Amino acid sequence: MLMLNQTDLTPASFILNGIPGLEDMHMWISFPFCTMYAVAVVGNCGLLYLILYEDSLHRPMYYFLAMLSLTDLFICSSTIPKALCIFWFHFKEISFDGCLVQMFFVHTFTGMESGVLMLMALDRYVAICYPLHYSTFLTNSVIAKAGLSTFLRGVLLIIPFTVLTKHLPYCRGNIIPHTYCDHMSVAKLSCGNIKVNVIYGLTVALLIGGFDILCITVSYTMILQAVISLSSADARQKAFSTCTAHICAIVFSYSPAFFSFFSHRFGGHTIPPSCHIIVANIYLLLPPTVNPIVYGVKTKQIRDCVIRITSGSKDVKSQSK
């Protein structure tokens with residue numbers, strides 16, 4: 001049921017239709033979504049708790065990890081609860097303004113996650129290539145400014161998305177074949193010219209994703225050169241081990257994004273829409289779920305803190321060896 005303002009063709013609400021073609025499977029699909037979301041919330045809240053209260057984790061690497069965990073919480077919490085309401089209760093309606101707000105948060109924090117991964121790559125570069133100057137370069141002030149700049153970059157680049165989408169005329173219905181309000185999914189309902197939206201979307205993707213991937217690639221190229229030049233095999237292994245968790249986080253974050261990006265442009269007619277939507281949800285849900293597990297397993301300091309707490313030790317704030 002479409003409710004339109006006759007003066008500017010702005011719908012009062014949209015209908016999020018879930019995963020088209022798999023409506024009968026919504027209940028089954030909801031179980032892995034719910035499980036992953038629960039793991040993401042518990043895992044990232046646990047990491048934030050450890051980093052806040054454990055003195056041995058008050059270091060630049062873990063401050064950046066706290067930014068990543070906080071970003072991951074915002075990403076999955078802005079989409080998955082609504083998706084579960086669609087799957088479980090068929091609560092598909094979302095107000096026009098609510099849709100714009102969700103779209104803003106999704107794109108802002110996915111951009112911020114990319115930025116934080118880039119900052120973590122630079123952190124590993126400084127730690128391995130300039131270990132004696134690590135604490136001098138990465139002061140608390142520098143870390144705070146870097147995090148704030150990454151957040152503001154996302155906000156300032158995504159605000160035009162919201163403005164452009166808000167002022168489009170909508171006369172192609174109000175049903176969005178998706179589980180959340182994605183920029184292009186909403187724009188395609190417009191009967192106006194969305195060329196500016198398409199061009200701006202690609203520009204933002206290059207400004208954020210392209211720049212961050214370039215910085216990550218350059219950082220790890222220089223890290224690899226520095227590690228190979230080390231004479232000791234133990235030193236090389238130790239240096240590589242400090243990057244393992246971050247490399248895993250990069251793979252889990254960018255792989256679904258690359259698949260979604262290229263499949264939309266080169267496999268649009270061969271890949272069913274349901275696959276695109278599932279991958280889009282995995283892109284938002286997989287990194288928040290996996291990152292706490294990877295860092296908990298691969299990072300000795302975090303692992304030691306978890307073991308100490310779960311074993312009932314009272315000396316929670318003792319320094320890790």
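Each Cβ is built from the backbone N, Cα and C atoms, and glycine gets one as well.
Listed in TrEMBL:
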DOMAIN    43-295  domain 'G-protein coupled receptors family 1 profile'
TRANSMEM  27-52  transmembrane segment
TRANSMEM  64-89  transmembrane segment
TRANSMEM  101-122  transmembrane segment
TRANSMEM  142-164  transmembrane segment
TRANSMEM  198-227  transmembrane segment
TRANSMEM  239-262  transmembrane segment
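Across 27-52, 101-122, 142-164, 239-262, the stretch most heavily in contact with the transmembrane segment (64-89), judged by Cβ pairs under 8 Å, is 27-52. Beyond the transmembrane segment (142-164), the same-chain residues lying 6 or more positions past its ends with a Cβ under 8 Å from any Cβ of the stretch are 60, 63-64, 67, 100, 103-104, 107-109, 111-112, 115-116, 118-119, 183, 187, 196-197, 200-201, 204, 207-208. Distant neighbours of the transmembrane segment (198-227): 107, 111, 114-115, 117-118, 121-122, 124-125, 128-129, 153-154, 157-158, 160-161, 164, 183-184, 187, 236, 239-240, 243, 247, 250, 254, 257, 261; these residues of the same chain sit at least 6 beyond its ends, with a Cβ under 8 Å from one of its Cβ atoms.
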